[in-house]
């Protein structure tokens, strides 16, 4: 599913550089994963330890001979305690000189072996932990994230936190780096577990009011937002705000960043007024610090809140204000300008101004088709996905599908994007269903399900809804048994995560009852429908239009089974729905921006 916030790497950040830490970790580092320092530009490439091997002899080229072992790199010499630091320096210098990570990988592997051999029995070696951190970083730079995981698992077991701040920092760094690696693999739950353990270690070492703890809390809050775990994200963000208030000047940049994150959390929870309050305070702080572009970005977020509150004139004003600043500072063809066009297109579509909406969609597409240098694939993909949702709402599924396919193609070879790709595939499945291409819909949903299972989201409400949609595609293909299995799994997830009275759960009940009926399992279908009607009568009220349809279906099944419904008298309080208007509106609810209708 599309990410709500970029947790690890802002779009305008510098490319990742691999570097090797100094021999001893420094406790004053405050980054969430402080495992390395930038290589010094004064380091020179060391001479080759064996110049005679640099060129093969032409006289021996026809008859290759076994290469004589390099005396410095030979395994027997790894027992030398001076070799580990030297090899680690070679790894660092190799990366700094641009010779390529494969050679640096060889040096780092041998360095970690040397440190392990030379470690004193019963004494944890921080040099070993550091070399393992570096080795894992090189694996990640090569895209070999799976191989980095066991290396980091070994690294976090080396330090003993009770031995002091150096060991605590090494353990903290290892957990944060392992969390980042799991994140790149799309395993969000494991990633968050590692971050939580790292935060616990840092708090024990530094106390819970240290500014560095605040930075880690914010980092972890962003990860929880990405995982849609908003309660825990809000808790961590509040703690970050408290720490920054205690250690920073009023209206600081740190506080402004915290408030923007808090606004995102409040918006996701539907608390739009609180979100607006945080954004206004963040904007004031940015203005005080002369951050014009950041003020424009906040104006876009304020426009989003106004649109959610149906205050459309104020939303247009905020978007146009941001658009003026972004065009003057970044140019007419910058992706940030395109993103504002998308928001305006959505607004005009909601207000029934279809011509204006399409015009803004076309303007944004012109920018995304020919992006300016430095535009990331993630930015373009996110923009195309948002535009596709507008075309879907305009009842143009073919155009929406084309945009989704382009968006997915941009992310196919990007690490850490599995959940986002799964969300796009789920939406593609919906479009295929709308177009009557059910086999393609089933394949698209199946691919999304596989990715969501692998990324640790197999217990999320979104996963339950995707299973439901895949089940509906299977029904259209007359694969009833498979559909029943999918509906049953979806029911278990949504009952646990949303409760039995939630509209999504009720939709699953209805689908499952119909599937059981088609399979000849009439008694099971009757049991489910009786349970649903009981829920509506006793807790939800009977004014919902789905009530009469479910009641009719139950009557037909009972007649087929030769039974009548055993009803108890209901009180007037239970028969009258106090929230009938709300229920009717929710009866055609769409899931997120994916167009799922239950």
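Backbone N, Cα and C define each Cβ position, glycine as well.
Marked as region 'Disordered' by TrEMBL: 1-78 (among others).
Taken from TrEMBL, the feature repeat 'TPR' applies to 296-329 (among others). Non-local neighbours of the repeat 'TPR' (296-329) in the same chain are 260, 263-264, 267, 272, 275-276, 279-280, 282-283, 286, 336-337, 339-341, 343-344, 346-347, 350-351; each lies 6+ residues outside the stretch with a CB under 8 Å from one of its CB atoms.
Mapped onto DSSP helix, strand and coil, the repeat 'TPR' (381-414) counts 28 helix, 0 strand, 6 coil. Taken from TrEMBL, the feature repeat 'TPR' applies to 381-414 (among others).
Sequence annotations record features per position, and here TrEMBL assigns repeat 'TPR' to 506-539 (among others). Same-chain residues lying 6 or more positions outside the repeat 'TPR' (506-539) and placing a CB less than 8 Å from one of its CB atoms are 464, 468, 471-472, 475, 480-481, 483-484, 487-488, 490-491, 494, 500, 546-547, 550-551, 553-554, 557-558, 560-561, 563, 565, 570, 574-575, 598.
Annotated region 'Disordered' per TrEMBL: 569-598 (among others), in sequence order.
Counting residue by residue with DSSP, the repeat 'TPR' (506-539) contains 31 helix, 0 strand, 3 coil.
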